[in-house]
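*Asks:* Straight from TrEMBL, here's the annotation block:
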type     : residues              : note
DOMAIN   : 7-405                 : domain 'Enolpyruvate transferase'
BINDING  : Lys22, Asn23          : phosphoenolpyruvate binding site
BINDING  : Arg92, Asp304, Ile326 : UDP-N-acetyl-alpha-D-glucosamine binding site
MOD_RES  : Cys116                : 2-(S-cysteinyl)pyruvic acid O-phosphothioketal
ACT_SITE : Cys116                : active site, proton donor
Amino acid sequence: MDQFIIHGGQKLEGEISISGAKNSALPILCASLLNGTSNIIHNIPQLRDIQTIKKLLISLGCKWERDDKTVYLDSTNISTMQAPYDLVKTMRASVLVLGPLAARFGYARLSLPGGCAIGARPINLHLDALRKMGAEITLSSGYVEVKVKKLKGARIYLDIPTVTGTENIMMAAVLADGETVIENAAMEPEITDLANVLVKMGAKIKGQGTDSMIIKGVKTLRGFKHTVIPDRIEAGTFLIAGVITKGKVVLRNADPAQLYALIGKLRNAGANIKINKELITISANDKLRCVDIKTLPYPGFATDMQAQFMALMAVSDGLCVITETIFENRFMHVSELCRMGANIRIEGAHAIVTGVKKLSGAPVMATDLRASACLVLAGLVAEGETRIQRVYHIDRGYVRIEEKLRALGADIIRAKSAH
Ligand code: EPU
């Protein structure tokens, strides 16, 4: 197993290029199941989660070829509609095959994703919606089975604006008979990216990017070419890397429009941020101030940036409250940060952070993807050596993060660990 060894204290300086968004690429690759033809998708990041979805799509019968960041995906010959336990357990986003398979074949069988490090994460809203669209849903032996002759349009109100739930319903609705309305839909940029792909395939969608979408089912869909949007969470993580080390970092290929909540908070905390078309420059001369944040569905502050922002607050001046409203167990990084000298107390969904003068390097354990990113950021600014175990978590969602950080001047290496 790999670990990262970081010697903190270097100012990060220079320019880096942001990769394609993992959480856009995953649903778009699954959407290719809908049309039974060949598709070309550019700007696919080289990540472990992409490897997992590749395995799953190939196991269903898709043909997959890759040339650098471009994937050629052909879904003509699908031989099975089952997503096995081994793949679903390593990546919950495997659930995204449910909507397309049900829509095209009227059948899907998926190992039911269990809870994970950040929360219980049920898929009841995905299943309720498919049921409303006429599917019969059965659960047995740890699998969920979806059967339907032909999905039909329905009016669906989501109790929670679930991201992958909205995506599954959209993919189910584009081939359903009649009109589907999704109320309280998720509005993340990745949803809009998926909607743009579906429209390129010939789907009829109105209201994408808002909380109310209307989708009129069509009979068939054609092949598409698409370039995946930049990864706003990778971008946000590098903005914090720049500012936590009091350096100056320029992001290329990032979309500032997707980062307003974070940029606003970073500015409140005292960071200098300049936006020039697709270049975002961040710098900080002095220590930042603590500011409160509360995670919310987009356009609110992203839960996927909460842990990284907490690393920054841990070494800022003053006290702040970080409130997590999306997942019930997303403070796993707190105890590791405290082992590095942070002063953070958890009260239910709130973390009360009192900034400290310095963190000190320590051996720490990554527990999930974004928690690992938080520990890397803390390691960049800590005195001495930080060793982060289980970095396979970070490889799920960050493209060669250690190489990108090293290019900016960080002292970070990947090494084999004894564990
Ligand atoms: N929820 C339900 N029932 C459902 C679906 C969701 O109760 O049927 C609850 C969840 O338990 C959670 C909340 O609703 O408390 C929101 O979950 P959501 O369904 O929106 O999350 P997701 O679709 O499983 C996506 C991202 C996550 C990101 C969340 C929130 C992908 C592949 N994953 O997950 O990304 O944190 O939205 O923005 O798009 C990551 O990249 O590190 C990551 C975890």
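Including glycine, each Cβ sits where the backbone N, Cα and C put it.
Just so you know, TrEMBL annotations are computer predictions that nobody has curated.
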*Asks:* How many angstrom lie between the most widely spaced Cα atoms of the UDP-N-acetyl-alpha-D-glucosamine binders Arg92, Asp304, Ile326?
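*Replies:* Binding-site diameter by Cα atoms for UDP-N-acetyl-alpha-D-glucosamine: 16 Å.
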*Asks:* Which recorded positions among Asn23, Cys116, Asp304, Ile326 have CB under 6 Å of ligand 1?
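*Replies:* By the Cβ criterion, which requires under 6 Å to ligand 1, the hits are Asn23, Asp304, Ile326.
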*Asks:* Measuring Cα to Cα, how many angstrom lie between Lys22 (phosphoenolpyruvate binding site) and Asp304 (UDP-N-acetyl-alpha-D-glucosamine binding site)?
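*Replies:* Rounded to a whole number, the Cα-Cα distance is 12 Å.
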*Asks:* Between Lys22, Arg92, which of the binding-site residues has the fewest other CB atoms within 10 angstroms in the structure shown?
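*Replies:* Comparing Cβ neighbours within 10 Å for the binding-site residues Lys22, Arg92, Arg92 has the fewest.
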*Asks:* What is the set of residues, excluding Arg92, Asp304, Ile326, whose C-beta falls within 8 angstroms of the centroid of the C-beta atoms at the UDP-N-acetyl-alpha-D-glucosamine site?
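*Replies:* Apart from the listed residues, the neighbours are Ile118, Arg121, Val163, Thr303, Phe327, Arg330.
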*Asks:* Distance between Ile326 (UDP-N-acetyl-alpha-D-glucosamine binding site) and Cys116 (2-(S-cysteinyl)pyruvic acid O-phosphothioketal) at the Cα atoms, whole Å?
*Replies:* 14
*Asks:* In whole Å, how far does the CA atom of Arg92 (UDP-N-acetyl-alpha-D-glucosamine binding site) lie from that of Asn23 (phosphoenolpyruvate binding site)?
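*Replies:* Spelling it out, the Cα of Arg92 (UDP-N-acetyl-alpha-D-glucosamine binding site) and the Cα of Asn23 (phosphoenolpyruvate binding site) are 12 Å apart.
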